[in-house]
């Protein structure tokens, strides 16, 4: 059954049961003091409201029959998957650079099995959800995401999480090039960097690559009364 989500720059109509909520990298690394972003000098002090909003969005999406996909960014504990000096990721990843500057952190940041890699305590995948590891910013790169979505007839993706200007935007952009409709819930996302990069990322998304809405509006669009209005 179709519903219409009020969004910028215009409303978008979608079928929740042929859509997915994407929770990108809600790991201790990105949202918890003592995690990678915090240790690398980024401000994570305002992530708690974002976590609460993601909980709300996940609950509403699950009740409406949307697929929930959780991403965890990181690599094996030897960082082979991160790429060596021949990879730009080796040179640009702030996690890898932080560990080179602080050798005592080696093996602790974004390593599979570590506390840093784990999802935050408040967000727990449920049976029927899909949890995917990813080795780079985009959730489409070297993962089965595209085939998972296509095999289920899913064309609409609703994005939450951290960081808006890095992994969220990278995944949404790649989805745009693969003919997916991407929506970001702005109050369920958080940037890596100053506030202006959040605004810049959202501007890019709503102007060039997708749509921007918020959690309250999203939940309202998934309510039974909204389906009744469309019907």
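Heads up, the Cβ atoms here are built off N, Cα and C, so glycines get one too.
Sequence annotations record features per position, and here Swiss-Prot assigns active site, proton acceptor to 25 based on sequence analysis. Residues or ranges marked as active site in Swiss-Prot: 134. The active site, nucleophile annotation in Swiss-Prot covers 167.
Taking the features listed in Swiss-Prot, we show where each one sits on the structure.
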| residue | record | CB count, 10 Å |
| --- | --- | --- |
| 25 | active site, proton acceptor | 25 |
| 134 | active site | 22 |
| 167 | active site, nucleophile | 23 |
Integer Cα-Cα distance in angstrom, the residue listed as 'active site, nucleophile' to the residue listed as 'active site, proton acceptor': 8
Residue 134 (active site) to the residue listed as 'active site, proton acceptor' - Cα separation in whole Å: 9
Assigned conformation of the residue listed as 'active site' - DSSP reduced to three states: strand
